[in-house]
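Presented below is the structure to which this report refers.
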Amino acid sequence: MMKERMRFKSNLFKIVNGVLIDLPSPRNFTFWWNFGSLLGLVLSIQLVTGIFLAMHYSCDSLLSFESVCHILRDVNEGWIIRLVHANGASFFFICLYCHIGRGMYFGSYMQTKTWIMGVLLFILVMAAAFLGYVLPWGQMSFWGATVITNLFSAIPYIGGDLVYWMWGGFSVGNSTLTRFFSLHFLVPFLVSLGAMLHIFFLHTTGSNNPLGVVADSDKIPFHIYYSAKDLLGFFFMFFFIIFISFLYPNLLGEPDNFIPANPLLTPHHIVPEWYFLFAYAILRSIPNKLGGVLGLLCALLVLFSLPLTHSNFFKSNALYIISRYFFWLFIVSFLMLTIGGGQPVCEPYVMCSQVWSCLYFTYFILCGPLRIFQDYYL
């Protein structure tokens, strides 16, 4: 009798086998499908480095900035742990935006449960990143927390009380920092749980492919074809994170955040981390507080609408020439909003942000009708 393989002996090994070894995968995956596994890698790095940082961090408004300096100067290898954690967040968002962009371009949003879970994860990750940005308690951390939390006051009737509840007082202070640290420690584990659900939904429906067609009869096992490809991606990701952390450690940071928080001195220009800038530019482009908050929320929540606007012959934009160019115009608008969000609130940056914000939302309004128009002429 043939000996049973180890990966079939227990239910746990069977789950791992179904995810990493015998998973049926389309044979025409491109490198754009590597970003999902890279997100898992960087999330693991963030969890490990974050736990080590939490061992030495003090969530007290008088000590937090000094505790970060202590980690950099006095803790064994603390400097590299802190730099990898800070720069790893940037690489996580690079992979995340590429992953979302790939899903939008190739029509992966038609796997509705997987897409909705992914968008929820995106919002949760942005919340975790904002909470983490506040923890060093530098100038930009303090004033960024003040500005962003104040946005909740735009909610009618309950906004003011909600802000005071978040602050734990009448201004951003020690209670706020303690709450943000607690949530920042918790949320990544919720993200990990959500990622498992995301993978579960993905493997229930099967992966999309560049052509956006059903290819159940033309699949190959994940290992060794795509596992080797992922390992190559892991190597490059490790290389870039280490390269930035060793040679350009503060390239993606904000200089004002190396100054201890001072409630009596407002920075000349309050800027969040670069991965929030596109939403921040949309917020600033609307000359009304409530309108700006709604614009910021819609910039994220509009991703939920994509499965509702699709009723076409093909999933992938690669098969629609007009939609293909329209998608790249959307990418340009995203990049220009990111650049505009880092500029002072003055002309011509405000006007440019308004134009690019309109183009950003126009994509979601017209992408469905454009494909219907092209289907008519096919």
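Keep in mind that glycine also has a Cβ here, set from the backbone N, Cα and C atoms.
Positions annotated as transmembrane segment by Swiss-Prot: 35-55 (among others).
Sequence-distant contacts of the transmembrane segment (79-101) (same chain, six or more residues past either end, CB-CB distance under 8 Å): 32, 35-36, 38-39, 42-43, 45-46, 49-50, 52-53, 68, 71-73, 118, 122, 125, 129, 132, 237, 240-242, 244-246, 249, 252-253, 273-275, 303, 331, 334. What Swiss-Prot records for 79-101 (among others) is transmembrane segment.
Swiss-Prot lists His85, His184 with the feature heme b b562 binding site, giving similarity to another entry as the kind of evidence. His184 (heme b b562 binding site) falls within a helical segment according to DSSP. His184 (heme b b562 binding site) is surrounded by 21 other CB atoms, counting those within 10 A of its CB over all protein chains shown.
Within the same chain, residues at least six positions away from His198 (heme b b566 binding site) with a Cβ under 8 Å of its Cβ are Thr114, Met117, Gly118, Leu121. The heme b b566 binding site annotation in Swiss-Prot covers His99, His198.
Long-range neighbours of the transmembrane segment (114-134) within the same chain, counting only residues 6 or more positions beyond its ends whose Cβ lies under 8 Å from a Cβ of the stretch, are 89, 92-93, 96, 99-100, 103, 108, 140-142, 144-145, 148, 176-177, 180-181, 183-184, 187-188, 190-191, 194-195, 197-198, 201-202, 205, 272-273, 275-276, 300, 303-304, 306-307. What Swiss-Prot lists as transmembrane segment is 114-134 (among others).
Under 8 Å from some Cβ of the transmembrane segment (180-200) lie the Cβ atoms of residues 19, 39-40, 43, 46-47, 50, 54, 57, 59, 114, 117-118, 120-121, 124-125, 127-128, 131-132, 134-135, 145, all in the same chain and six or more residues away from its ends. Marked as transmembrane segment by Swiss-Prot: 180-200 (among others).
Taking Cβ-Cβ distances under 8 Å and a sequence separation of 6 or more, the neighbours of His203 (ubiquinone binding site) in its chain are Gly18, Val19, Leu23. Mapped onto three states, the DSSP output places His203 (ubiquinone binding site) in helix. Annotation comment: Swiss-Prot describes His203 as ubiquinone binding site.
The feature transmembrane segment is assigned by Swiss-Prot to 226-246 (among others).
Annotation source Swiss-Prot lists transmembrane segment at 290-310 (among others).
The transmembrane segment annotation in Swiss-Prot covers 326-346 (among others), and the record cites sequence analysis as its basis.
Under the heading transmembrane segment, Swiss-Prot lists 350-370 (among others), citing sequence analysis as support.
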How many other Cβ atoms sit within 10 Å of the Cβ of His85 (heme b b562 binding site)?
21
Counting only residues 6+ away in sequence within the same chain, which have a CB under 8 Å from the CB of His99 (heme b b566 binding site)?
Phe35, Gly36, Leu39, Gly118
With H, G and I counted as helix, E and B as strand and the rest as coil, say where DSSP puts His85 (heme b b562 binding site).
helix
